[in-house]
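In what follows, a single structure is set out as structure tokens and then discussed.
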Amino acid sequence: MLIGSHVSPQDPLAAAQAEGAEVVQIFLGNPQSWKAPKPREDAAQLKAAALPIYVHAPYLINLASANNKVRIPSRKILQQTCDAAADIGAAAVIVHGGHVADDNDLDEGFQRWRKALDQLQTDVPVYLENTAGGEHAMARHFDTIARLWDVIGDTGIGFCLDTCHAWAAGEQLVHGVDRIKAVTGRIDLVHCNDSRDAAGSGRDRHANLGAGQIDPELLVAAVRAADAPIICETAEEGRKDDIAFLREKLNS
């Protein structure tokens, strides 16, 4: 079970070595921008490296939106991100589920997701990540994810489970792993994060493991059950300890 972290994109290989990470995740551009990622001078080096590198797509992406000024740029930047991810030999691109205007629009949001995936041209796997809050979200609650998966599950899309997000959404972690696997057939990646807030808060505020509201042993049980590569999206100070903690617990 590979354990690593979300690191600065400046030098992912050096960051991985410094943190003892066996796998990393990076942004390829500004996560709050519609601008396409710039070509990387080290693309060939990253592609040749043995280190698995995951890419997180920009936060602005909302493939479910009925608003053309949001949905169309979302499709475009996802394609551009996948193209840039292919250039570095990325293991996958992770994207949030987005949301619609009201619950009556959920089914239409599912179909917009389907259309976006059908139009996407990439050999890089794309993983849907569950989200912490937001009204009328595509991927906040596992029941909604199941409905979405009925529409997009045969496209080859994968799933990334974020423990902080599941906690914030009020979902049970270990039982939630079983529920998600029953829907998707597998979990492809885990974002193992503690939460600064109470269960069901809807707030997406990560904490280092043991410094938040989630019992560290519960996190260990969840990632063990998920049986997938692990990325800690926690604060840089303490992240090396997060990796070491998980490695000790999961290898014992």
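Glycine residues also receive a Cβ, built from the backbone N, Cα and C atoms like all the rest.
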Given that Swiss-Prot assigns D162, H191, E233 to the Zn(2+) 2 site, pick the one from E129, E135, E217, E248 that the record assigns to that site as well.
E129
Recorded Zn(2+) 1 site member, picked from H96, H175, H206, that accompanies H56, E129 in Swiss-Prot:
H96
Other than H165, D204, H206, which residues of the same chain sit close to Zn(2+) 3? List them in sequence order, counting a residue when its Cβ is within 8 Å of the Cβ centroid of the site.
A132, D162, C164, A168, H191, N193, S195, R203, R205, E233
When you put H165 (Zn(2+) 3 binding site) at the centre and draw a 10 Å sphere around its Cα, which of the binding-site residues H56, H96, H191, E233 have their Cα inside it?
H191
Rounded to a whole angstrom, what is the C-alpha distance between H191 (Zn(2+) 2 binding site) and E129 (Zn(2+) 1 binding site)?
9
Looking at the binding-site residues listed here (H56, H96, D162), whose Cα lies nearest to that of D204 (Zn(2+) 3 binding site)?
D162
